[in-house]
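See below for the structure under consideration.
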């Protein structure tokens with residue numbers, strides 16, 4: 001990977017890591033489902049008038065939009081709104097990698113290798129440590145924690161739809177898929193917000209919207225979604241997947257660091273242990289025992 005593309009990849013990692021802090025800031029003055037609906041409305045409009053619709057079956061596009069866009073962010077925004085720390089959310093959301101592996105095995109008959117099973121087992125242990133900390137110390141609201149896991153599972157379901165879309169005969173451009181799939185969750189978000197929050201709350205949040213919320217929406221829509229996914233998709237198309245995908249492991253590192261610096265969030269001892277176990281599980285899933293093999297060859 002060239003130095004320029006390496007810098008771009010790290011830029012996306014930082015942008016996505018900060019994403020969780022921005023969500024928490026944006027939720028201070030707006031209901032979570034309303035904020036999510038406005039985010040995707042800004043992603044879709046006016047870009048949808050300038051980007052061609054991806055030539056994929058409508059049922060796959062709907063499935064992708066309802067899982068990776070609607071369900072994932074409905075659960076994630078509500079989780080953070082209910083007290084899930086932004087930094088910890090950035091880490092727990094990475095459970096999507098393991099959900100994706102298990103769904104891939106079930107849906108496509110993909111074989112699970114030893115390193116994947118070891119990574120999954122270690123990450124599950126890390127999640128159980130976090131649950132234990134939540135139940136005993138109440139440092140993390142259990143509802144927020146479970147909603148974040150639901151968001152991770154929804155992301156994994158979206159990955160399965162994405163795999164089906166990308167294996168289609170007419171493989172769509174990344175930006176086309178991002179923008180057109182953003183159209184799908186807008187109405188569901190607003191309807192859900194209307195049911196759960198009420199029209200008075202929705203109208204009040206729009207009438208009293210402040211610059212902080214506006215900037216949060218701009219960041220979430222244009223920087224994190226359009227710019228972030230645009231660069232990431234370009235890099236995936238330019239290089240082998242194994243060169244690009246592992247860099248996403250740095251997202252929760254940035255998420256935890258930025259939450260500590262900007263929101264003064266601190267991990268308890270058990271939370272830190274759970275975080276280390278999950279990150280180690282992710283590392284094993286991606287790299288396996290490659291480091292150990294390299295040491296043997298070198299010696």
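Backbone N, Cα and C define each Cβ position, glycine as well.
Listed in Swiss-Prot for this protein:
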- 1-6: topological domain 'Cytoplasmic' (TOPO_DOM)
- 7-27: transmembrane segment (TRANSMEM)
- 14-132: domain 'EamA 1' (DOMAIN)
- 28-31: topological domain 'Periplasmic' (TOPO_DOM)
- 32-52: transmembrane segment (TRANSMEM)
- 53-59: topological domain 'Cytoplasmic' (TOPO_DOM)
- 60-80: transmembrane segment (TRANSMEM)
- 81-87: topological domain 'Periplasmic' (TOPO_DOM)
- 88-108: transmembrane segment (TRANSMEM)
- 109-116: topological domain 'Cytoplasmic' (TOPO_DOM)
- 117-137: transmembrane segment (TRANSMEM)
- 141-161: transmembrane segment (TRANSMEM)
- 153-287: domain 'EamA 2' (DOMAIN)
- 162-175: topological domain 'Cytoplasmic' (TOPO_DOM)
- 176-196: transmembrane segment (TRANSMEM)
- 197-216: topological domain 'Periplasmic' (TOPO_DOM)
- 217-237: transmembrane segment (TRANSMEM)
- 238-243: topological domain 'Cytoplasmic' (TOPO_DOM)
- 244-264: transmembrane segment (TRANSMEM)
- 265-268: topological domain 'Periplasmic' (TOPO_DOM)
- 269-289: transmembrane segment (TRANSMEM)
- 290-299: topological domain 'Cytoplasmic' (TOPO_DOM)
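When pLDDT is averaged over the topological domain 'Cytoplasmic' (238-243), the result is 72. A Cβ distance under 8 Å defines the sequence-distant neighbours of the transmembrane segment (60-80), meaning residues of its chain 6+ beyond its ends; these are 20, 23-24, 27, 32-33, 35-36, 39-40, 54, 86, 89, 93, 143-145, 147-148, 150-152, 154-155, 157-159, 161-162, 164-165, 168, 177, 180-185, 188-189, 192. Here the topological domain 'Cytoplasmic' (109-116) has Cβ contacts under 8 Å with residues 101-102, 284-285, 287-289 of the same chain, all six or more residues outside its ends. The transmembrane segment (88-108) makes contact with the transmembrane segment (117-137), as judged by at least three Cβ pairs under 8 Å among residues 6 or more apart in sequence. Long-range contacts of the transmembrane segment (7-27) within its own chain (CB-CB distance under 8 A, at least 6 residues past either end) are made by residues 1, 35, 76-77, 80-81, 86-87, 89-90, 212-213, 216-217, 219-220, 223-224, 227-228, 231-232, 235, 244, 247-248, 250-255, 257-259, 262-263.
Residues 165, 168, 170, 172-173, 176-177, 180 of the same chain sit 6 or more residues outside the topological domain 'Cytoplasmic' (53-59) yet have a Cβ under 8 Å from a Cβ within it. Sequence-distant contacts of the topological domain 'Periplasmic' (81-87), counting only residues of its own chain at least 6 positions beyond either end whose CB sits under 8 Å from a CB of the stretch, comprise 20-21, 23-24, 27, 31-32, 140-141, 143-145, 147-148, 252, 255-260, 263, 265, 267. Only residues 6 or more beyond the boundaries of the topological domain 'Cytoplasmic' (1-6), in the same chain, are considered here, and those with a CB under 8 A from a CB of the stretch are 235, 238-239, 243-244.
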